[in-house]
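Per TrEMBL, these features apply:
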type	residues	note
ACT_SITE	A:Glu79	active site, proton donor/acceptor
ACT_SITE	A:Cys111	active site, acyl-thioester intermediate
ACT_SITE	A:His235	active site, proton donor/acceptor
BINDING	A:Val32, A:Cys111, A:Thr152, A:Thr202, A:His235, A:Lys244, A:Asn267, A:Ser297	(3S)-3-hydroxy-3-methylglutaryl-CoA binding site
BINDING	A:Arg200, A:Lys240	CoA binding site
DOMAIN	A:219-304	domain 'Beta-ketoacyl-[acyl-carrier-protein] synthase III C-terminal'
Amino acid sequence: MRPLASIIGYGAYIPRYRIESKEISRVNTGGVERAPVKQKSLPGPDEDSLTIAYEAARYALKRAGVDPSLVEALYIGSESPPYAVKPSATVIAEALGFSRKLYGIDMEFACKAGTTALISVAALVSSGVIRYGMAIGTDTAQGRPGDELEYTAAAGAAAFLLGPNSSDAVATIEHVYSYVTDTPDFWRREGERYPMHTFRFTGEPAYFHHIISAARGLMEETGLKPEDFDHVVFHQPNVKFPQKVGEMLGFKPEQLKYGLLSGEIGNTYAAASLIGLANVLDNAKPGERVLVVSFGSGAGSDAISLTVGEGVERVRDKAPTVAKLIARSKVVDYALYLKYRGMILR
Amino acid sequence: MNSMRRVFIVGIGATRVDEHWDKSLRDLMREASLKAIQDSGLSKRDIEAIYVGNMSSGFLQGQEHLGSLLATWIGVPGIAAAKVEAACASGGVALHQAYLAVKSGVYDCVLVVGVEKMTDAYTGDLTDALVMAEDQEYVAFTGLSFVALNAFVYRYYMKKYGAKQEDIAYFAVHDHKYAANNPLAQHPRPITLEEVMKSPPVADPIRLLECAPTGDGSAALVLCSEEKLGSLSNDVRLEIAGSAVATDVFSLHEREDPTTLHATVKAARKAFSMASIEPKDVDVLEVHDAFTVLGVIHLEDLGFAKKGEGWKLLKEGQLEKDGDLPTNTMGGLKARGHPVGATGIYQVYEVALQLRGEAGKNQVPDPEVGVAQNVGGVGSTVAVHVVKRVR
Amino acid sequence: MAYLRSVPRVWREREIKYRLIGGVCKSCGKRFYPYRQTCPACGNDDVEKIKLPETGTIEVFTVVRSPPSEFAEQAPYVVALVRLDDGTLVPAQIADVDLSEVHEGMRVEITLRRYRVQGERGIIEYGIKFRPLI
């Protein structure tokens, strides 16, 4: 496989509000802490997965410095779109002034949809169908009240503007690999408000099996080994799983450092791996190599190998870094959490 | 057009401003109309045209076409009739139309009625109705309410002139003092400045008691020509000596100076010139104080104070019934009430009471010239009328 | 209410509301929002369509506590007149800000947010709001 495309601009967005696990415990378990993460992000009452995708996309455009009317693709991966039928891509494309000659779509594959959008747009660039295209992973995930996923189902988005290969860009996608099986570890039926999940079954047969398969598949095809990567980002439904799969694959904790953010913001679903990648880019040096392995329930994993380009430091400060977004934080209590999530019956 | 033709107010009538749970909009406008006709000494069959001033009957009552409706409801189907709308200036602008109708010579005797029924609606719906005075598509869309727009004016005013909120808010205290002696007032009881300043904020810095209340009411006037007047036995003749309407740049945020309502300046200049008067000649004044800060601004734009100093007239007691410029002597919008489309007519009704010497405890000593200023939106339309007592 | 439920209206208004499109009068230089062909200041019909700046400063603001019906659940919220960096004054809601921290002179930038929905089944109306810079 030759390099597919380069990242010309990237942006992330995390809503301002946070709820702490200890506050959720206060309501659900009488204070007995179940803390897979310290806190998670939640969207404000006027936000949804479309508006937060817009924010990330706007920042990606700022970093790219590309005229929006030249962007000819917008692929959005999400499992929480505001409409079941009517894509967010149309609104964001119009709001940002993309070309009307546009390859646009919203796609769903649980938490893998963002990286699949990225691979798809990279392929459009690589095959010459387009010159510039954007991929976004975005979610405002809903946790069933009282369920353990309530601690982690969070909100965030990351957007990547891709263009033709260039060593001067932010980074270049060198190789991709995807591994998919029919594994029903987590799902949501049509019309249902909250998803169902299968507790320990989501571990070994789902998360671990697919991430390991995709990562090993990519490393076999490229001949790369864990020590060849400076940074690795795994999908992060909590803090323990990515640490464990990293260890199982032969990575060291320092390699996960920049890509693991779930402790502070929760699981941002289709955005999770991509926000991790954005944080890596906020801190990486030209020439470094990055591996991103996402996981989406259902199930599947995308593995993406990138090399950081000469342009990474130049564009960094043109938009808020992930660290700044994480630091912009207002902690709310459970009552406001319910109000903002529209969960109070009127 | 016969510019020598004079227009007189020969009959006045009004309902109390109140929450009239038992009266519909049509009941109210019929009641005020029949009172005015009776007061004139004419028969309803003398009326040749009706102008109904109203802002929101379509939205709140689902009823348009008020002119024709009223004609049937007072028993004279067949005459000319129309609804006139200019937001909260509907009454004043309807009066201007009625004035033009008689002045032109086409009609000798017309009825003009202002009416609004606000209390059938939920508060949220009323807020929706009132913000229709501003640009719906791009300004109301942002969620700002009509009160919020006026809050912006308040902020600009205090900043630009260094005025204090207490000195402006006192307008509400002034109004309530006089409403106490007005049998038609919605809130006939005095209030203190402390009550005003402690009332809950509606849109900061505007407090609840700085806002005109929501209410129902109707006021009506019968206007006629001099020829028609000859057939009536009137000692006191009230002439509409000046009638003018002006507009401003529609949206507040597109204007150069948000603390001046140019429509007031223009309409006042025109109406005063028609009536051959200057500000110092005015004996009694009604200003459109939907919010206390507006009341203060109107005094300036009408020419009674320098910009930024309108509140001083209040502080110095000049607006009292025995002051230099008796203002809102029956309670104004704040305390007599503000059924929006009717207000412009209530104002002239009250000027007429003063000029006739029928204002009771609120009577200004021997007034000859009265002015009423009626405002739509945040000054997007302003109607100014000058009424003179003529012997 | 009929106008609140209109879909063609939302479609027609989207360019101006999604991208903050204003006008600059070629005759007197006035910059205004929203765009239209006739200048509100001088009345001339020669107006150029422009995309307005994405940053500005809060000039005046207030807190809406008694909202129009379709905003009932969002109150209290902040509305303001924002002076954009090119001098254009625009009305907008201010998002992501505490009532206690919003102030005149605050620097803000555009964001796209949900303004209102046309009921449970109707479309969502998005538009530009402003929020503090990050």
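Every residue, even glycine, has its Cβ placed from backbone N, Cα and C.
Structure coloured by features recorded in TrEMBL.
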residue: A:Glu79; record: active site, proton donor/acceptor; contacts (Cβ under 8 Å, 6+ apart): A:Glu108, A:Ala110, A:Cys111, A:Ala113, A:Asp139, A:Ala141, A:Arg188, A:Tyr269, A:Ala270
residue: A:Thr152; record: (3S)-3-hydroxy-3-methylglutaryl-CoA binding site; contacts (Cβ under 8 Å, 6+ apart): A:Pro36, A:Val37, A:Lys40, A:Gly143, A:Pro237, A:Asn238, A:Ser262, A:Gly266, A:Asn267
residue: A:Arg200; record: CoA binding site; contacts (Cβ under 8 Å, 6+ apart): none
residue: A:Thr202; record: (3S)-3-hydroxy-3-methylglutaryl-CoA binding site; contacts (Cβ under 8 Å, 6+ apart): A:Asp185, A:Phe186, A:Pro237, A:Ser297
residue: A:His235; record: active site, proton donor/acceptor; contacts (Cβ under 8 Å, 6+ apart): A:Cys111, A:Lys112, A:Tyr207, A:Ile211, A:Pro242, A:Ala272, A:Ser273, A:Val293, A:Ser294, A:Phe295, A:Gly296, A:Ser301
residue: A:Lys240; record: CoA binding site; contacts (Cβ under 8 Å, 6+ apart): A:Pro36
residue: A:Lys244; record: (3S)-3-hydroxy-3-methylglutaryl-CoA binding site; contacts (Cβ under 8 Å, 6+ apart): A:Phe208
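Note: A:Val32 ((3S)-3-hydroxy-3-methylglutaryl-CoA binding site) has non-local neighbours A:Ser25, i.e. same-chain residues 6+ apart with C-beta under 8 A of its own C-beta.
Across the residues annotated as binding (3S)-3-hydroxy-3-methylglutaryl-CoA (A:Val32, A:Cys111, A:Thr152, A:Thr202, A:His235, A:Lys244, A:Asn267, A:Ser297), the two Cα atoms farthest apart lie 29 Å from each other. Taken residue by residue with DSSP, A:Cys111 (active site, acyl-thioester intermediate) is part of a strand. According to its DSSP assignment, A:Val32 ((3S)-3-hydroxy-3-methylglutaryl-CoA binding site) is coil.
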